[in-house]
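Feature annotations, courtesy of TrEMBL:
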COMPBIAS  A:10-34  compositional bias 'Polar residues'
DOMAIN    A:117-334  domain 'ABC transmembrane type-1'
REGION    A:1-42  region 'Disordered'
TRANSMEM  A:53-75  transmembrane segment
TRANSMEM  A:121-143  transmembrane segment
TRANSMEM  A:155-175  transmembrane segment
TRANSMEM  A:205-229  transmembrane segment
TRANSMEM  A:260-277  transmembrane segment
TRANSMEM  A:313-335  transmembrane segment
Amino acid sequence: MPAVGARPGLSSQVSKGSTSEGRLSGRQDMSSVLQKPPAPTRQLIRQKRRPSYLPWLLLSASMILVGVMTGYPVVRLLVMSFQEYERAQLMGQPAEWVGLDNYATVLTDVEGFWTVLARSFALMVVLVVTTLVLGMLVALLMIRIGKGMRLLVSVGLLLAWAMPSLAATTVWGWVFDTQYGVVNNLLTAITGDRWFGHSWLLNPWSFFLILTCIVVWGAVPFVAFTLYAGLTQIPEEVMEAAQLDGASAFQRFRLIQVPYVRSIITVLVILSMIWDLKLFTQVFVLQDIGGDRELTNTIGVYVYQMGMAQGHYGLASAIGVIFVIVMLAISYPYVRRTLREEEL
Amino acid sequence: MIKIRKRAADAWFGVLALIVFVFSVFPVYWMLNTSFLPNNRIRGENLAFFPTPDVFTLNNYRAAMFGEARAPFPPAVLNSIGVTFLTLVIALVVGFLAALALTRFSFKGRRTFIVLILVVQMIPGEAMIISLFRIIDGWQLLNTIIGLTLVYSAGVLPFTIWTLRGFVNGVPKELEEAAMIDGCSPAGAFWRVTFPLLAPGLVATGVFAFIQAWNEFVMALVVMQRPEAMTLPLWLRTFVQATQATNWGAVMAAAVLIAIPVVVFFLIVQGRMTGGLVSGAVKG
């Protein structure tokens with residue numbers, strides 16, 4: 001989809017007229033420079049067409065929706081995080097201001113909050129690295145194999161990609177089921193030991209192993225397709241020249257392919273970090289199927305447990321605020337990068 | 001010598017490709033397989049790898065739709081369709097208007113708005129469930145389609161605006177201007193020239209909004225708590241939540257029912273959306 005996002009230099013030049021062209025000049029080329037100044041008729045049309053309130057009128061619906069459904073909840077979250085807000089307050093008792101008490105409680109809770117946060121980050125690192133490495137290997141594989149095989153692999157990846165994460169989680173839960181799961185069955189057949197009755201979800205380590213399988217299985221296709229698209233852009237002569245000069249496959253990978261797709265890799269890493277840190281559905285449902293919630297909570301699920309399940313709304317709000325700050329900090333380079341790329 | 005070695009390498013890569021394929025497809029295949037097997041073949045030590053005609057059954061689907069589930073199926077389907085459809089319409093209309101403003105006009109505050117959209121998209125909904133719950137509750141909209149639709153519309157809107165903005169940018173303005181010089185009004189030029197060219201982009205964006213709303217779990221969990229208010233993901237969850245032994249045949253049938261529309265729509269638009277996903281996206 002190369003056309004999308006690429007702003008034609010000519011149109012942006014013409015459209016900006018003389019008012020603000022310095023600020024927003026698109027990717028211009030010679031032709032657009034030569035086309036200036038625009039024909040007078042066009043400018044006339046343009047002036048007639050733009051009452052200054054019109055763009056704001058068009059934006060008003062979005063601003064109301066985002067303001068009411070995202071802005072207001074953020075403010076409300078902040079307010080609640082400074083209040084004592086428990087089940088009683090839900091029933092109508094006035095909420096008392098407690099200053100930073102909720103934050104103090106959360107930030108000194110090593111067993112609870114810090115453990116969950118550290119676990120979420122550790123899990124994120126494992127997930128991002130595994131996803132990226134496997135995605136890159138699959139992308140390289142797709143370049144190397146013939147057309148028929150590539151189609152086969154693509155079909156498989158697309159199916160995995162399209163599966164809703166909730167449905168996928170239940171399926172993996174069934175594959176690793178304690179009593180009748182196919183994994184226990186096959187392990188019994190292969191090793192000769194009896195694996196029936198072995199629970200994969202009770203032990204937190206194997207719980208996270210299966211969680212990793214689920215998430216990586218669902219995330220690799222996107223990474224692989226994106227990297228594959230990037231790798232196919234590398235001119236063939238470059239690779240051939242390197243090969244003739246005696247570069248090994250690994251050297252070609254390290255010195256040519258990786259630098260070519262470096263910016264794609266950066267974006268993929270940041271996006272994966274964001275998605276993997278706010279993991280909810282897979283963890284939550286896997287816990288339903290048979291995990292120990294205490295030992296397997298990640299930050300998103302922890303907010304739910306603290307607030308919705310246990311009724312400590314004030315504390316949960318404080319955790320929520322911290323969560324938002326962490327996510328914004330992680331997204332910051334991505335937002336900046338996007339703005340720069342779009343030349344805004 | 002080199003030729004032989006290359007052929008051997010090809011064979012190895014072929015094997016690797018097959019492994020990737022099998023690993024990707026296996027869960028989907030296993031879901032379908034289990035969903036068509038009778039209980040005595042699901043809970044047995046000798047596995048059935050294919051629902052051969054002698055064991056093939058649709059009982060799991062019957063059990064999933066009309067059976068022992070704690071939440072009834074028909075309202076779940078209707079709730080899901082209602083919420084998804086409303087979200088789709090709102091997000092497309094509102095998002096499209098915003099995309100127009102951001103692409104076809106230059107005005108003070110345009111950049112600020114775009115930055116805002118990007119930042120809003122990065123705020124995790126999971127962090128805000130507490131205040132959203134209190135707000136929706138305060139409006140008496142818990143367990144209503146309207147309440148969940150409001151949450152979803154706001155949730156998918158940034159992505160919708162961003163993607164549609166890309167699509168509108170892809171249509172050269174000169175086409176519109178040519179039509180205006182030929183006597184069209186600005187609005188007429190837009191509707192007759194640009195809009196038809198945007199149709200595929202609208203469809204693709206709409207499908208992605210559909211997939212996100214259809215799959216969404218966390219917000220539904222918070223807003224739709226009563227059994228008859230549940231959407232399909234919550235309904236599916238009730239199967240594995242049960243304390244007694246899980247009826248895996250029914251669960252797999254339920255998972256198939258939920259996954260089918262998503263997979264079909266996804267396959268239709270995936271090619272178009274890869275680039276859009278890279279440039280600022282939420283995953284379903």
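Just so you know, glycine gets a Cβ as well, placed from its N, Cα and C.
TrEMBL does not curate its annotations; it predicts them automatically.
Within its own chain, the transmembrane segment (A:313-335) is flanked in space by residues 74, 77-78, 80-81, 83-86, 89-90, 95, 98, 102-103, 105-106, 113, 267, 270-271, 273-274, 277-278, 299-300, 302-304, 306-307, which lie at least six positions past its ends and keep a Cβ under 8 Å from the stretch. A Cβ distance under 8 Å defines the sequence-distant neighbours of the transmembrane segment (A:260-277), meaning residues of its chain 6+ beyond its ends; these are 120-121, 123-124, 127-128, 131-132, 135, 215, 219, 223, 226-227, 230-231, 233-234, 299, 326-327, 330-331, 333-334, 337. The listed stretches are A:53-75, A:121-143, A:155-175; of these, A:121-143 has the most Cβ pairs under 8 Å to the transmembrane segment (A:205-229).
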